[in-house]
Structures are given as C-alpha cells and as structure tokens.
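Peer 1: According to Swiss-Prot:
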SIGNAL    1-16  signal peptide
CARBOHYD  33  N-linked glycosylation site
COILED    87-225  coiled coil
CARBOHYD  103  N-linked glycosylation site
CARBOHYD  187  N-linked glycosylation site
DOMAIN    226-478  domain 'Olfactomedin-like'
DISULFID  227-409  disulfide bond
CARBOHYD  288  N-linked glycosylation site
CARBOHYD  307  N-linked glycosylation site
CARBOHYD  394  N-linked glycosylation site
CARBOHYD  431  N-linked glycosylation site
CARBOHYD  473  N-linked glycosylation site
C-alpha cells in the first residue's frame, strides 16, 4: 500500500477511536449518565439543599426538633469534627469537572487543528482522484492513441483509489462531527463557568458568611450548653482499687491538650506525698508514678489540681495553699477567714473535711462553715491566683449533716449521706442566691464516700469510695432561647 493510503488509514483509525471515546466517556465526565437534577416544591430548585455537603462530618446536623408546651424550640445539634468550614463537595466536583472539560476542550482543539490539516490533505487527494477519474475516462475514449501498457497502469491506479472515495466522504463527515463536538464542549464549558459563578458566589461568599455566622451562634450555644441543671447521675465506673478508705484523686480541668495526668492523694491528714501518673491508662494498669512532696501536710480530702497547681488546706489550720507542681514551690497562701477547721465543721463522715476546695466551669471555690453562719455551709468563690475571696454566699444547710458536696455551673449540690443509700437532695444556686430540695439518687457502690468532686472538662464526678477510685457521668438540662444565640 502506498504512503498516502497509509496516512489516510491512520487518520481514519484515530477518528474512529476519538468518536468512540467521545460517545462513551464524555457523558460520564459531565455526569449525564449518572446525575439527575430534581426540583423541590413545585419546580423550584432548592439551592440550600443543592449546595450543602452530604457528608455529616462536614455539616451541622439537626437530627430532631420540636416545640414544648411553652413554644420553645428543642433540637439536637451535632457539630462537625473540624471547626473550620469545609468547602462544599458538589462545588468541588463541579470545579474538578470544569477542569476535566477544559482539558478535554484543549485536546479537542488540538485534534481539530490536526483534522483540519488532514482534511485539506484529503480534499486535495479527492481532487486528484477526481482528476484521475476524468483522465481515465479520456483515456478510455481515446485508448487507441495510448499504449496498452500505460492504459493498464492508469486503470490499476484508478481501481486502487476508487474504494477510497466513500471512505473519504465518511472522513469528511467525521471531521464535521469533531467540529460539532468542539462546539458542544465550548457550550458546556460556558454553562459550567456560569454555573460555577452562580454556585460559587453563593457557596464561597454568601454561604461562607452564613455558615460562619451559624458557627459563631452555635459556638455561643455550646458555651451556654456547657452549663445546666443537674438531672441525673450515671452508674459508677470503678477505675481502680487502691489506698485506704479515705483519699482523693483528680485530673486538671485546665490541662493542655495531650496532658492526661492523674493525681492521687491517699489519706485525709498528716500526709505530704502526691502521686502523679502520666495518664489514666497508667493509673489504671500500673504502679508507675512520680511522687511530689508538699511543704506541709494536707487536711481532709478536698484538694484540687487546677491549671498546673494543687490547692489544699494546710493541716490543722484554715490556710489555703497554692503549690506549683512543676517548680514544686508555694505560689500563694491565704487564710480563709472564720472558716472552721480541725474537725470543727466537717462532713458527716468526719476526716478533717472542714474545708472542701472545688472547681467548676467558672473557676475555684471553697465550701466550709463558720460560727457566724451557725455551722451552716458557706460558699466562697476564690481568685485562683491570689486566693482572695471574690464573693461569698451563706446557706442554711448544716455542714455536719452533709455527706459530700460538689459544684456544677455555680450551683452547690449536697448529698444526704455518705454510706448506704445516697442521693443529692439539696441545691443552692449562687447566681440567684436561692435553694431547692431535689431528689437525684446515685449508686453508693462501696458504702463509704469520702470524696466527691466535679471535673468540668470531663463532665464527670470523681469519687473515692472505701478505697475505690470511681467515676460518675452527669446529665445536665439546658434551656437555650433563640434570642440568646
């Protein structure tokens, strides 16, 4: 076969492959074979549904909503794992699709240039073939004037080229098809650009602003949800069995991310050594710990670790000490004026538990009793740096009748005992200076609670119960009005 015929064959083969690829691959690229747009509510496209991500990990999810008898909206909202707004999945797909179409458009542009060049070559050959056909007819009419050998050569050449005439016609049709594809891709690119501008403007400008505003409102809502009214206490989880009947253990609610240390203090008086475990897992499974020696022995089980310091009541005194656990130095000491000590106003179980230090979402607290308040519980909020008393509330609940106490969101909760059947039955709200009697039972698994403290970071109660270190989860009730968001 001659070189021109080989070239035409290659071009035709390439065109067949391109035509087949365009008919099969292009619909899948633009989503025509898998995507169906539907209108919402009477033929109007629901754009808010169309552009929001379908992945629940990338969006705020409202799983249920209702109104109570007073018309307040009650809903369950699950926040995304990442705080930053991720771009819409459909818009990303649109951007990727547009890039593919643009790449395809460039490829078709190159193919079109080659096709036009080859088409010129084919048209030239077509003219040559027509000229040969005309010349052959002339030769047939005047064959007597030519030698038989020349006649046979021309006839053979014409017979070889004649079958290519319909093929060349088909090639010209394919060239028109390529041009049509080029125009359609250009139209599709234009539509996608307009769609991207429309969706992009909504998603990355208006939608981003709306989502950012929603995030701020929900973040404020979550901060409000950090506080609530205690409505339930879970069954206990025994973390470890260790030490004597009395003691305290805790984690730092202000510890930085990754700092999961556990602090352990056995006994309730005349002891100076604090154990530090690297993590809750180490605390549960090993006896590997670092020991810190305090400059003075502690009194009771009301110690707390807060922002890297341990706060404790100095033995046989009403002095509060702030001790830095990193530098192992005393940062501050201050007397808690009029507070009873040395088993004057202890909890019902005794144990020099006159002064009980606590932390909640708002900071550091001290619970104690004074003669001036007839031995009833006094609540004071302390400055965690200076230990200065910021504000004080006098309650009417006798300190010696309380089994244990803890503070959640500025509300003091008091148990009715420390052994046997136990419940939380008194609550004093410092924000309103009011109290109420409640009935929240919880399981006293080992029949002797000598320490019960709330950790606002874990939303859990830490307890020491007859030589067992225990955790309770708490349930808080929240009411957030829409005008508060």
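Backbone N, Cα and C define each Cβ position, glycine as well.
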Peer 1: Near residue 431 (N-linked glycosylation site), which of the recorded positions 187, 227, 307, 409 can be found within 10 Å, Cα to Cα?
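Peer 2: Those near residue 431 (N-linked glycosylation site) - Cα within 10 Å - are 409, in sequence order.
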Peer 1: Looking at Cβ-Cβ distances, which residues of the chain lie under 8 angstroms from residue 288 (N-linked glycosylation site) while being 6 or more apart from it?
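Peer 2: Sequence-distant Cβ neighbours: 277, 278, 282.
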Peer 1: So for residue 307 (N-linked glycosylation site), how many other CB atoms are inside 10 Å of its CB?
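Peer 2: Result for residue 307 (N-linked glycosylation site): 17 neighbouring Cβ atoms inside 10 Å.
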Peer 1: When DSSP states are folded down to helix, strand and coil, where does residue 187 (N-linked glycosylation site) land?
Peer 2: helix
Peer 1: Distance check, please: Cα of residue 394 (N-linked glycosylation site) against Cα of residue 307 (N-linked glycosylation site), rounded to an integer number of angstrom.
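Peer 2: That comes out at 28 Å between the alpha carbons.
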Peer 1: Round to the nearest Å and give the CA-to-CA distance linking residue 473 (N-linked glycosylation site) with residue 227 (disulfide bond).
Peer 2: 14
Peer 1: Where's the emptiest Cβ shell within 10 Å among the glycosylation sites 431, 473?
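Peer 2: Checked 431, 473; of these glycosylation sites, fewest Cβ neighbours within 10 Å: 431.
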Peer 1: Could you tell me the C-alpha distance between residue 227 (disulfide bond) and residue 307 (N-linked glycosylation site) in angstrom, no decimals?
Peer 2: 20
Peer 1: Counting only other Cβ atoms and using a 10 Å cut-off, which of the glycosylation sites 187, 394 scores lowest?
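Peer 2: If we count Cβ atoms within 10 Å for the glycosylation sites 187, 394, the smallest count is at 187.
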Peer 1: Could you pull the average pLDDT for the domain 'Olfactomedin-like' (226-478)?
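Peer 2: Mean pLDDT, the domain 'Olfactomedin-like' (226-478): 96.
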Peer 1: Note down the number of other Cβ atoms within 10 Å of the Cβ of residue 409 (disulfide bond), including every protein chain shown.
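Peer 2: The answer is 19 other Cβ atoms.
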Peer 1: Tell me the coarse DSSP state (helix, strand, coil) of residue 473 (N-linked glycosylation site).
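Peer 2: For residue 473 (N-linked glycosylation site) - judged by DSSP and reduced to three states - the answer is strand.
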